[in-house]
Each structure stands twice: as structure tokens, then as C-alpha cells.
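**Student:** Sending over a structure as C-alpha cells; questions will come in a sec.
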Ligand SMILES: C[S@@+](CC[C@H](N)C(=O)[O-])C[C@H]1O[C@@H](n2cnc3c(N)ncnc32)[C@H](O)[C@@H]1O
């Protein structure tokens, strides 16, 4: 991605909180009563609407732009994510800068990736005075391997790329945790164990890289505009002392869980594997020939992969 980074200049002393609109600025006419928003926090619906109005912006659905307007949720995410003095934090999608401000004002060293260039003037206003590096471009093009050791991801993710982003975080050796807002169903899938209703590939890779904690559910009303789905804050901790799973094993697990309700045998047959070899491996690992993929533990899948010669 273009490392077109910008760091809002450090604050010169201000009369009011940076990002606070001056009453009666652009957007009001002499006939309209002036709204004094200076006492309202940046995340309040009135301030968020005012920011959007003054900068002539409409949230873009295709970019997953649902902005947080609930102070309790903002504080809960920053807290659960471990935002603290000196901690390197990566945020995806600062939007209007509301969560970014919450994290940076706790002293964390924030790098934030934003694709929507229309937000440049907004972030210049709302992040003024904070030590935040804004990187403009697509988060899917970012080199996550370059992040420093001990990086914590804290983000209200654009939901349309949640799975892709989580898999980038898992594979980046410097990232130790990701505390993220996701769709509630995605959170349930991440936290599910073999045999549970929502267990699938996402649950398996999360478990291969570490552990998952459900922090809290988040109602639709915590966002402006309100999304169609309920959300949840999830914290993933990555255990970097473990050897990273082999790409061949990840591909095997993905194939094994491709159709969760099918038998493991049928899923593996779909990859072109020999039926007799699969039967022999199932028997050697003491699994029933008709065991369903979603009921098989990761340990048993690893043993199967070894018996089938996928990994050593
Ligand atoms: C759910 S909003 C979160 C905004 C803000 N952090 C908040 O909590 O109010 C998602 C943000 O991700 C940005 N975004 C969407 N797709 C992106 C991408 N591919 N790369 C970087 N940012 C992206 C959107 O423009 C938006 O600012």
C-alpha cells in the first residue's frame, strides 16, 4: 500500500477540545439558531452529525461506515484492547477518529489505516494534537509483517472484510492481540469449539493461533447509521510462542471443514484424495468413518494430516 502516511501536527494550545466545532461555523445560516456543541463529547450523535454536515459527507455503506456514538462502548474496546502508554496500536478504519482519539489519549502509539480519502480534513480536525500516524490506503494492501513486536490491534472493523483482516492479523508475527468489533455471528463462530453449532474454519484458525474472548455484545443503536446486524467486541490473543501452523495444514483444515455438516470423509474426497487412504487414516486415528467434520478436534485433524502425508 502507498505509505502515504500523515501525522496530524502536534497541538498548539487550544481553548477547546480539538475537533470541537466552533458554534455557528459552516453549515449554519444567519436564520438558523446556532447550536453550541462544545460541551458534547466527540462521539455524541450531535457532534458526529455536525462533523459529517460540515465536511459534506454521507457515510458510505459499501465501506462499512457505521460510526460509533456510544462512549461506554468506546471505552470498553480501548480498555479490553490494552491501550496504554507506549503500547503500539494498529487501528483499521479510523472513520471520524472517535475510537482513535480514545486509544491515543490513553498514551498508546497509534497507527491507523484509512481507505476513504474524503476523511482527510475530518481526521486533521479530530486528531489534532494527538500522536497518531494515519496511513491512507487499502488495509488489505498493508504490510502487516512490518509491525513492531507487541502490536495490539484495536478497531471497529469494516465488516465486509472482517475474515480477510483477521487472517492477516493472525499471520503477522508482531501482533499479539486483536480487539475488534465484528458481527455478532462472526464473534460466535470465532469462539466456537468442535461439536458446537457455530464451529467452522474461522473457529479452527482462531484456535490454532491462540484464544478468543467475547468481551461484550453491542446493540445496533451504538452506531450512526445503525447497521442491520448486532455486533460484538471480541478479543483474540495470539500465542507467538507456538510454531505457526504450516500452510499445508491450514489448507487441509479449510478443506476438512469446507462443508461443516458433511462427513470428514466426504469433505476430503472432494479434494481428490483417495477413499481407501482416508478410511485407513480415519481408522488409525480412531475416528468413525461417518464422523462429521465439525465434530473432529484439531489434534485429530493434525493426526489425520500426518497419516495422509499432508504434513510430517
Ligand atoms: C465501521 S467504520 C469504523 C469507523 C470508526 N473507527 C468508528 O468506530 O466510528 C469502518 C472504517 O473503515 C474504513 N474502511 C473501509 N474499508 C477499508 C479498507 N479496505 N481499508 C482501510 N479502511 C477501510 C471506512 O472508511 C471506515 O472509516
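For all residues, glycine too, the Cβ spot is worked out from N, Cα and C.
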**Student:** Which single residue out of 50, 128, 131, 138 does TrEMBL record at the S-adenosyl-L-methionine site shared with 66, 68, 93, 114, 156?
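**Tutor:** Of 50, 128, 131, 138, 138 joins 66, 68, 93, 114, 156 in the S-adenosyl-L-methionine site that TrEMBL records.
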**Student:** Quick test of your reading of TrEMBL: among 1-43, 173-215, where does it put region 'Disordered'?
**Tutor:** 1-43
**Student:** Which site among 66, 156 has the most other CB atoms no more than 10 Å from its CB, taking these as binding-site residues?
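**Tutor:** Counting Cβ neighbours within 10 Å, the top one is 156.
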**Student:** Counting Cβ atoms within 10 Å of each candidate's own Cβ, which of the binding-site residues 114, 138 comes out highest?
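**Tutor:** Checking each of 114, 138, the winner is 114.
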**Student:** Tell me the Cβ contacts of residue 68 (S-adenosyl-L-methionine binding site) under 8 Å, same chain only and six or more apart in sequence, or just say none.
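**Tutor:** Result: 43, 74, 98, 99, 156, 181, 222, 223.
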